[in-house]
Amino acid sequence: RWIKFEEKVEDGGERWSVPHVPALTLNSLFQLRTCLQRGTVLLDLDATNFKEIIDKALSGHPEEEELQPALRERLAALLLLQPWHQLTKSLLQQLAELCLSPCRGRSCGCPTGNPSIATSPGQSEPRAQLSKTPLKEQLRNRFRKKVPPGAEAAHVAVGEVEFLEKPFTAFIRLRHRVSLGSLAEVALPSRFLFILLGPPKVKAYQEVGRAMATLLMDELFQRVARRADHREDLITGMERFLDELIVLPPGKWDPSARIPPPSSLPSPRRRTTVDLPDQQSHGNGDMAAAGDRARPGHPHSGEELERTGRLFGGLLRDIRRKAPWYGSDFSDALHPQCLSAVLYIYLATVTNAITFGGMLGDATANMQGVLESFLGTAFAGFIFCLFSGQPLTILSSTGPVLVFERLLFSFSQDHSLDYLEFRLWIGLWVAFFGMVLVATEASHLVRYFTRFTEEGFCALISLIFIYDSLKKMLSLADAFPINWQYRLDNVTSYSCTCNLSSPGEGLGWAQSVHTRPLLAACLSLQPPTTPVGLSRTQCLDRGGHLLGTSCQYVPDVTLISFLLFGGTFLSCTALKRFRSSRYFPAGVRKLVSDFAVILAILASCAIDAVLGLETPKLLVPSELKPTNPARGWIIFPFGANPWWVCLVSAVPAVLVTILIFMDQQITAVILNRREYKLQKGAGFHLDLLCVSLLMVVTSVTGLPWYVSATVISLAHMESLRKESETSAPGEHPEFLGIREQRLTGLVIFVLMGVSVFMAPVLKHIPMPVLYGVFLHMGVAALNSIQLLDRARLLLIPAKHQPDLAYLRHVPLRRVHLFTVTQLLCLALLWVLKSTTAAIIFPVMV
């Protein structure tokens with residue numbers, strides 16, 4: 001059988017082989033061409049059942065080789081026999097049959113790939129006639145799930161018969177696809193049939209049949225076969241197939257070896273197109289692609305960034321583009337995959353909010369703390385997901401914004417200014433400048449961002465995630481210090497007492513140290529000498545035993561924290577890759593992969609709960625009041641600072657505007673890459689408008705400022721990847737795009753808002769587990785860019801380098817020069833980020 005690739009029934013007839021690329025002999029292709037040239041060819045045959053097809057095929061034999069009536073009847077009776085199918089069975093069915101029939105292997109089905117005319121070994125009873133309706137086994141065949149929707153069956157029947165003196169060949173194309181009853185393994189409508197029967201002296205029939213099946217699975221020959229008007233059209237299509245044929249020399253490879261399917265196949269559009277008489281009317285797929293591009297919400301390349309020349313023209317075009325999709329943004333979220341995305345990104349966002357909230361509290365004397373971070377993230381994220389042009393974006397505080405907040409607070413303290421009021425005016429100016437950028441369509445400048453810039457920015461943010469997660473873990477050694485001088489043999493010096501009396505004598509030496517002198521005075525005996533500095537080994541050698549709480553002490557909290565951290569990261573990575581493993585059915589693999597992060601977190605939390613160690617836990621605020629009691633929820637613009645502060649604030653607001661614009665738009669460009677196959681379009685102007693308006697609200701309420709978070713947004717998109725439900729055996733599932741919707745983001749930020757009331761549940765999650773999730777997100781984002789692959793090339797000798805597409809067209813020294821330049825710029829950005837000059841970080845990008 002063939003679906004994309006070939007499968008054979010293994011010796012013994014128990015199972016199908018692994019899918020593999022069919023290897024054909026050149027002679028079989030030449031013989032097939034001869035069969036098409038000399039045999040019967042019936043195009044657009046009108047028939048409703050298999051018997052009618054056979055009768056017309058036998059009657060349509062060339063007149064010079066017309067079959068005798070008796071011979072024709074024998075051939076018809078043979079072809080109308082019920083074929084023996086090799087059904088695909090579940091593991092439970094196989095075990096049940098093995099238990100009920102231990103000798104089943106002696107009467108197995110036909111071990112050939114063409115059972116239609118073969119006899120079953122060991123079967124003496126007469127074969128049944130072909131059924132006109134599908135059998136129960138066909139309808140229940142589990143293999144049906146591998147067949148793509150709308151597929152048709154093509155039948156190839158070849159074999160040796162003793163009563164024929166010359167080969168009989170027929171190629172048949174039906175005018176309308178017809179269900180042929182029990183002929184096929186799976187109940188599918190059929191359009192093509194190929195029959196080749198001949199005397200036993202010829203041994204190449206099966207190879208010719210394999211060649212015909214392989215030809216019918218070729219996309220270009222399928223077009224020829226569907227549109228051909230004459231026999232010559234089929235011959236021309238086969239000639240084109242032979243032109244693309246690649247021949248492996250004999251003796252240089254093993255013909256019995258099965259070539260595994262490639263990870264990706266070339267598009268038929270890139271191959272040679274076949275000229276057909278009616279090609280203009282049918283088209284070659286390009287017109288269909290053009291029609292797809294013309295649908296609403298699927299704009300031409302770069303249309304989102306084209307200038308209209310009118311005020312707010314780009315914003316209005318974004319709204320018109322996104323409005324038709326608004327209803328589907330909610331209905332498309334009704335899928336179990338969205339649940340796993342919500343839980344995954346919610347925990348990542350909670351961790352991020354706590355981390356940045358804590359650092360903001362340290363930098364601003366708790367004028368903004370963890371609670372403000374929670375409420376700001378929940379409010380800003382919810383509003384953005386509800387009205388933005390790209391709702392898959394996750395808003396968060398970023399490192400450059402944190403650096404600016406620290407510098408602004410220090411400046412305010414040094415010049416006796418009210419920090420929150422000064423910040424309010426800066427936020428209002430930033431919102432105004434943002435509106436000006438939206439009105440003038442400044443987002444069109446994004447079209448000049450190249451791979452060089454995108455990869456540098458994404459790599460920097462990914463490295464920050466990796467660095468911060470490792471830094472947080474190493475800081476645990478301060479809260480839970482490791483006693484590097486600890487020696488198991490010296491436990492007696494760690495508040496542990498050696499008791500030299502036997503356990504059955506009641507009070508030992510440690511407990512009787514005050515009473516024994518009195519007893520010795522009454523008995524005129526000298527007290528025994530107090531043993532000093534006995535080690536654990538010496539105490540046990542003298543027959544004593546250890547007493548004290550620290551006798552079994554080991555530095556365990558930091559160790560188990562690192563184990564939970566590493567275990568969570570490795571579990572997330574392994575379970576994410578489980579989709580492509582060989583274990584369990586495809587549905588189970590997909591489910592495990594979708595919920596990989598959640599399963600890893602639950603497993604790590606369970607291990608932590610069983611061990612019962614006091615690892616640092618996730619602590620969220622439990623009261624809705626400002627972190628600093630000296631501030632309120634509303635910041636007034638006047639009263640605490642001089643009047644001129646509202647004008648001077650425009651200067652730092654320019655820097656913040658550049659920071660917000662670059663941070664927001666570079667992330668938007670990364671999320672709207674072509675390789676994600678987004679269908680609903682982007683909204684650069686609309687996104688910038690939402691961020692600008694949110695600046696007003698967060699500044700007035702004294703909440704943190706928010707922009708798109710690159711790594712978390714990428715993780716959000718990766719958790720919503722869509723792949724084809726059905727794939728041919730051996731074919732990798734096709735990436736269909738991203739599940740574009742608004743509901744996951746809305747639910748995530750609603751959960752953020754109610755996290756204050758979920759503190760009793762969230763307090764059981766260890767922080768090392770969440771840091772492991774952070775590390776996983778950083779590594780996953782880093783692996784998604786080409787920079788990492790090119791950086792590896794610097795360490796790989798040329799002869800061992802992978803066969804990458806750009807290495808075929810670009811000199812290696814140019815590739816290395818490009819990579820080294822990127823790495824140097826990345827290092828410069830990292831150094832810049834780590835200094836007080838980090839506020840000019842976006843300009844340097």
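For all residues, glycine too, the Cβ spot is worked out from N, Cα and C.
Noted in TrEMBL for the protein shown:
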{"type": "COMPBIAS", "residues": "292-305", "note": "compositional bias 'Basic and acidic residues'"}
{"type": "DOMAIN", "residues": "1-255", "note": "domain 'Band 3 cytoplasmic'"}
{"type": "DOMAIN", "residues": "310-845", "note": "domain 'Bicarbonate transporter-like transmembrane'"}
{"type": "REGION", "residues": "253-305", "note": "region 'Disordered'"}
{"type": "TRANSMEM", "residues": "341-361", "note": "transmembrane segment"}
{"type": "TRANSMEM", "residues": "373-402", "note": "transmembrane segment"}
{"type": "TRANSMEM", "residues": "422-440", "note": "transmembrane segment"}
{"type": "TRANSMEM", "residues": "452-470", "note": "transmembrane segment"}
{"type": "TRANSMEM", "residues": "557-575", "note": "transmembrane segment"}
{"type": "TRANSMEM", "residues": "595-613", "note": "transmembrane segment"}
{"type": "TRANSMEM", "residues": "633-661", "note": "transmembrane segment"}
{"type": "TRANSMEM", "residues": "682-707", "note": "transmembrane segment"}
{"type": "TRANSMEM", "residues": "743-762", "note": "transmembrane segment"}
{"type": "TRANSMEM", "residues": "769-788", "note": "transmembrane segment"}
{"type": "TRANSMEM", "residues": "815-832", "note": "transmembrane segment"}
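For the transmembrane segment (682-707), the partner stretch with the highest count of Cβ pairs under 8 angstroms, out of 557-575, 595-613, 633-661, 743-762, 769-788, is 633-661. When Cβ-Cβ distances below 8 Å are used as the criterion, the transmembrane segment (769-788) is approached by residues 344, 347-348, 350-352, 451, 454-456, 458-459, 461-466, 468-470, 472-473, 564-569, 572-573, 576, 597, 600-601, 604-605, 608, 618, 710-712, 714-715, 718, 819, 822-823 of the same chain, each at least six residues removed from its ends. Summed and averaged per residue, pLDDT over the domain 'Band 3 cytoplasmic' (1-255) gives 78. Contact count against the transmembrane segment (341-361) (Cβ pairs under 8 Å) is highest for 595-613, out of 422-440, 452-470, 595-613, 633-661, 815-832. In this chain, the transmembrane segment (557-575) does not touch the transmembrane segment (373-402); fewer than three CB pairs sit within less than 8 A of each other, excluding pairs fewer than 6 residues apart. The stretches the transmembrane segment (422-440) and the transmembrane segment (633-661) meet in space: the count of Cβ pairs below 8 angstroms, excluding pairs fewer than 6 apart in sequence, reaches at least three. For the transmembrane segment (815-832), the most Cβ-contacting stretch among 452-470, 633-661, 743-762 is 452-470 (pairs under 8 Å). Between the transmembrane segment (595-613) and the stretches 452-470, 557-575, 633-661, it is 557-575 that has the most C-beta pairs under 8 angstroms. With a threshold of 8 Å between CB atoms, the same-chain residues lying at least 6 positions outside the transmembrane segment (557-575) that come near it are 469, 473, 476-477, 480-482, 592-593, 595-597, 599-601, 603-604, 607-608, 611, 613-616, 766, 768-769, 771-773, 775-776, 779.
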